[in-house]
Amino acid sequence: MRKDSGTEVEEAGAPARAGHSSPYNAAAKVSWRRAAGATVGSELGRGKRGVRTPKACLTSFDRNCLRRTMMAQADSDIMEEESLKKDLKFYFMNPCEKYRARGQIPWKLGLQILKIVMVTTQLILFGLSNQLVVSFKEENTIAFKHLFLKNYSGVDEDDYSCSVYTQQDVYNSIFFAISQYQQLKNISLGTLGYEQDEDDMAGLQICKQQYKKGTVLSSNDTLHIDSTIETECIHLKPQDLSTKDISDLKNSTFFNLEFYRLIQVEIYFKLKGIDLQTIHTRELPDCYEFENTITFNNMAHSGKMKIYFDTDADIQECKEWNISGSLVQKNTQYILVFDGLVIVSCFASLILCTRSIILALRLQKRFVNFFLEKYKRHVCSTDRLEFINGWYVLVIISDIMTIIGSIMKMEIKAKNLTSYDVCSIFLGTSTLFAWVGVIRYLGYFQTYNVLILTMQASLPKVLRFCCCAGMIYLGYTFCGWIVLGPYHEKFEDMNTVAECLFSLVNGDDMFATFAQIQQKSTIVWLFSRLYLYSFISLFIYMILSLFIALITDAYDTIKKYQQTGVPVTDLHEFLKKSNNENYGLGQQTSMNICCCTRRKSDNNLLLIN
């Protein structure tokens, strides 16, 4: 035995002389070896990173060696903990604090500001172009109704264009549409032409639907009818119409209509047009194909025949066009280059935000493992969610939608795609998310983040409340549709009923809703009063007031937290123990209402709602 070993045994509490050994000394030696082995074994069993106990300390009875090893292990744990705290504090800093702490330039902040400017500019340019498309379609629809509908007043009747009440009016309306189609190029003010097929011109198609056979005698209530529907069509080409007289068509057996079994007459034709107003905005013109349908609906056989006019405009690529002047082509090229820059900026933003989320998840995993290893407790879900930045998720969604919308816009600009509506949905929604994301940077200032914190605190309760109120709302919707639908135009279909009730909740158009109910049925009129009064009283005075109270309560809670401080979670408590400068979560925390705090009596987690 070495001399230092004997010295260590004496320090353990039993004096040992040279050449002598006592049972106490042996017991002390064995006890010390067991304690040291247990201590070292427990340290090694944890899988700690850092300095491990040398094998010499396990074989030789050297207390100083074990002490130095354990001190080195403790120093390693402290360094690891401080490193984790520094990383956590830096993660929860805002861009200005990160710049002051490490001189890190806020690239994401600058890129987001640049991206918002570019995306908004792109949206405005596309919106101006889309307005020209929509206005051209709407103006052509109005022009078609005036051209092909006889005695059209300019105002649609309900959901149909106009109506007729006599057989002669039906014949006059049908032949008027045929005559107008025949002389279209001579009377139209627009750049319209006939649609052409591969072989010949498409022309005009007239179809009638009627019951196969039947006899109706209203005098003695006799009805004999075959409910089988038969369809008969004729096709009139423009060149045939130019050589024929309309009077010849009137004598045709096809137009010998038996109105008691007639269901509907449908006139279908295609026209082509060119939108030249885009040239004034230095854009290439669009070529349109209009599919027009005039329907004479006699399905009800009520003595009133409704006339519907429906048109579908399809933008097509102009086959042969030659525009002199270079301004239009240069402007198109500049816009395509600008759209490409928008895609590049959004792609860079997408990469940076995705990288930040990945790094945050790694940091979350480090904190969870460290907390479980040191304190033998699991981190609560609220602390885990602190690492997931919802603003980054919103920016990623916005970037993806902007990239898709920009690609579609470039294809539309190059006349390879015509999906204006789909492109506008992508660009509009992405711009909305981009501007909503600006609130994140205002949230760094305590006087501006009240809206964010109030919405965050009240959202769970508001959603639960809306689920309960929605059940009552749906009940009133179904009831109003089935009872008041035949007597009130605002209750004719489910969608209209839901819109009407929502306007009543906001106090809009109340008197008109009461006044427009028909008084033909006394019991229905009385029921309508009970129905409307109960709905308005329940939703305005009770449900809407409770809804506002939930938001007010969340606002008051936020104000109280700003004065007294937020409930301390494990993550907050862990960061407060650091001796470094207190940045990040300790000051700029998101004041969660549903957060888990530690009880003073034990280590259980408590949810505060």
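Glycine residues also receive a Cβ, built from the backbone N, Cα and C atoms like all the rest.
Bear in mind that TrEMBL entries carry predicted annotations, made automatically and left uncurated.
According to TrEMBL:
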DOMAIN    133-319  domain 'Mucolipin extracytosolic'
DOMAIN    422-558  domain 'Polycystin cation channel PKD1/PKD2'
REGION    1-22  region 'Disordered'
TRANSMEM  334-363  transmembrane segment
TRANSMEM  384-407  transmembrane segment
TRANSMEM  419-442  transmembrane segment
TRANSMEM  462-484  transmembrane segment
TRANSMEM  530-551  transmembrane segment
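Beyond the transmembrane segment (419-442), the same-chain residues lying 6 or more positions past its ends with a Cβ under 8 Å from any Cβ of the stretch are 109, 112, 115-116, 119-120, 122-123, 126-127, 130, 133, 315, 391, 394-395, 397-399, 401-402, 404-406, 408-409, 412, 448-449, 451-452.
Helix, strand and coil residue tallies for the domain 'Polycystin cation channel PKD1/PKD2' (422-558), in that order: 115 helix, 0 strand, 22 coil [DSSP].
Mean predicted confidence for the domain 'Mucolipin extracytosolic' (133-319): the pLDDT average there is 83.
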